[in-house]
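*Asks:* Supplied in structure tokens, the structure appears directly below.
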Amino acid sequence: MAPEKNWKGKICCIGAGYVGGPTCSVIAIKCPDYKVSIVDVNPHRIAAWNSDDLPIYEPGLDDVVKACRNRNLFFTTDVDGAIVESDIIFVSVNTPTKKHGLGSGMAADLTYIESACRRIAQVATSSKIVVEKSTVPCRTAESMRAILEANSRNGIRFDILSNPEFLAEGTAITDLFGPDRVLIGSLQTPEGLAAQKALADVYAHWVPRDRIITMNLWSSELSKLAANALLAQRISSINSLSALCEATGADVDEVAFAVGKDSRIGPKFLKASVAFGGSCFQKDILNLVYLCESLHLKEVAEYWRQVVVINEYQKQRFVRRIVHALFDTVTSKKICLLGFAFKKNTGDTRESAAIGLAKYFMDEDANVHIYDPKVTDEQILMDLSEPGISSGIEEVKKKITIFKDAYSAAEDADALVICTEWDEFKALDYQTIYQAMKKPAFIFDGRLLLDASELRKIGFKVETIGKPSPATRGY
Ligand code: UDX
Ligand code: ADP
């Protein structure tokens with residue numbers, strides 16, 4: 001039980017996922033004078049947050065949680081209790097892309113946001129600041145307010161704030177400890193501005209005031225979509241150039257280095273790859289496209305859609321190059337995917353490029369070996385059993401084998417495919433791996449991670465994204 005002390009304020013976070021869990025754990029450690037309750041409808045997730053084996057892998061997260069859990073940080077399924085006692089409520093529930101109905105495949109599914117708001121309105125007995133933390137389409141705050149006001153008891157106020165989260169998975173804790181900026185949007189009314197200040201005071205425990213930016217609600221909501229769209233656009237830009245590099249003999253790492261030296265361009269987010277993944281980029285761009293289309297901004301919609309088109313193209317291009325190098329067939333061959341997470345230092349697989357690659361190899365009746373240091377077997381099987389990826393778990397079990405280390409995954413394989421840039425893949429003993437593979441032994445580096453010339457000395461045939469190879473030029 002929480003020691004009953006004089007808390008300066010009480011915070012509730014609805015949704016104990018990749019965003020809510022780390023964000024509010026960091027708020028708890030930085031604000032010992034606040035009581036922070038992270039709630040979720042999923043009892044397994046909450047049990048895991050209360051155990052030694054947290055439900056998400058994030059470097060540094062264990063230490064933060066251990067330092068304040070059951071002191072001023074509580075994980076519970078008692079959603080109603082936490083709503084009632086809190087002054088500030090973060091809504092950090094999932095907002096996946098709609099799978100059917102209007103806007104299917106593009107618009108965000110706001111079912112979870114709506115049900116969280118209905119619950120808040122139903123049980124709240126005092127006024128609340130409700131903070132939109134999940135990435136949402138523009139003007140969602142307005143819908144939240146409409147739901148809250150239509151369902152609230154007399155005399156209770158709800159002030160809605162937009163406070164988008166910019167953390168990236170794998171570096172969430174460092175991002176949260178030292179954010180480039182904290183963005184708080186509110187209505188420009190006296191009450192809205194007071195709510196904005198109350199939230200700014202929480203962040204001011206560790207974030208310098210000049211990094212806490214305030215603005216109107218709609219600008220704040222759109223800024224989040226815009227930031228993700230611009231970041232994803234940079235990756236699609238460098239990936240489109242990687243195709244040109246392969247065809248011309250240029251090296252994409254050298255090109256990225258050269259252009260990144262221009263201080264107006266900068267060096268970050270210019271690493272070519274097999275494709276960007278993660279729960280945000282594609283979803284947010286499709287949201288943006290949908291928004292533009294609904295506002296009849298056809299050219300703007302088309303412009304942003306190309307970022308996703310190039311991302312898909314990049315995956316297909318890589319697969320074509322692999323198949324061509326493997327003598328135009330992968331049927332019955334053993335293809336070893338190293339990495340299944342969408343980036344290193346996370347166990348998250350949402351929109352991971354590895355899923356698309358595995359699908360293609362399953363379609364071609366290859367035997368796919370998979371190893372990832374953090375993704376669980378259950379997660380891999382679940383992702384690959386999804387409709388549109390395979391015919392179901394039977395097919396997956398027939399064609400996929402999951403391994404506990406890279407060496408056994410690579411044994412007897414025709415090819416290694418680097419899907420995720422895990423550090424441990426750089427340190428493998430490739431001489432040993434080479435000996436255990438079929439010959440010719442191929443490595444396809446989708447992350448520009450390995451030293452191709454060293455691998456070629458061992459005897460490998462190496463194909464790297466954005467780097468030309470005489471065997472596959474033009475693929
Ligand atoms: C992103 C945003 O960075 C973050 O601000 C926002 O809050 C959520 O979405 P995230 O998806 O967790 O964060 O990771 P990010 O580091 O942005 O990487 C996204 C994808 O792009 C990964 O698949 C990554 O491997 C890929 N990527 C990133 C590249 O291919 N090249 C790069 O140069 C950078
Ligand atoms: P994100 O990456 O945005 O954090 P996640 O899917 O990791 O998304 O986490 C969202 C969490 O929100 C899930 O654990 C889900 O169970 C929880 N959730 C969804 N709707 C509600 C709700 N109405 N009340 C409490 N928790 C909810």
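The backbone N, Cα and C atoms fix where each Cβ goes, and this holds for glycine too.
Heads up, here are the entries from TrEMBL:
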BINDING   15-20, Asp40, Arg45, 93-97, 134-135, Glu169, 280-283, Arg350  NAD(+) binding site
BINDING   165-169, 224-228, Arg264, 271-277, 342-343, Arg447  substrate binding site
ACT_SITE  Cys280  active site, nucleophile
DOMAIN    336-452  domain 'UDP-glucose/GDP-mannose dehydrogenase C-terminal'
*Asks:* Across all the protein chains here, work out how many other Cβ atoms are within 10 Å of the Cβ of Glu169 (NAD(+) binding site).
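*Replies:* For Glu169 (NAD(+) binding site), the count of other Cβ atoms within 10 Å is 24.
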*Asks:* For the domain 'UDP-glucose/GDP-mannose dehydrogenase C-terminal' (336-452), what does DSSP give as the number of helix, strand and coil residues?
*Replies:* 43 helix, 19 strand, 55 coil
*Asks:* Using Cα coordinates, what distance in whole Å links Gln282 (NAD(+) binding site) and Ala272 (substrate binding site)?
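*Replies:* Answer for this pair: 17 Å between alpha carbons.
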*Asks:* Out of Asn94, Glu165, Gln282, Phe342, give me whichever of these binding-site residues has the highest number of other Cβ atoms within 10 Å.
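*Replies:* Top count of Cβ atoms within 10 Å goes to Phe342.
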*Asks:* Given the recorded positions Leu225, Asn228, Ala275, Cys280, state which is nearest to Gly15 (NAD(+) binding site) when distance is taken between Cα atoms.
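*Replies:* That would be Cys280, the closest of Leu225, Asn228, Ala275, Cys280 to Gly15 (NAD(+) binding site).
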*Asks:* Ligand 1: which of the recorded positions Thr97, Glu169, Cys280 have a Cβ closer than 6 angstroms to it?
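*Replies:* The ones that qualify, in sequence order, are Glu169, Cys280.
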*Asks:* Fill in the CA-CA distance, Ala272 (substrate binding site) to Cys280 (active site, nucleophile), as an integer in Å.
*Replies:* 18
*Asks:* What whole-number Å value do you get for the CA-CA distance of Phe342 (substrate binding site) and Asp40 (NAD(+) binding site)?
*Replies:* 24
*Asks:* Could you tally the C-beta atoms, other than its own, that fall within 10 angstroms of the C-beta of Asn228 (substrate binding site)?
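*Replies:* 22, counting other Cβ atoms within 10 Å of Asn228 (substrate binding site).
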*Asks:* Taking all residues of the domain 'UDP-glucose/GDP-mannose dehydrogenase C-terminal' (336-452) together, what is their mean pLDDT?
*Replies:* 97
*Asks:* Using a 10 Å radius around each Cβ and counting other Cβ atoms from all shown chains, which of the binding-site residues Ala168, Leu225, Ala272, Ala275 yields the largest count?
*Replies:* Ala275
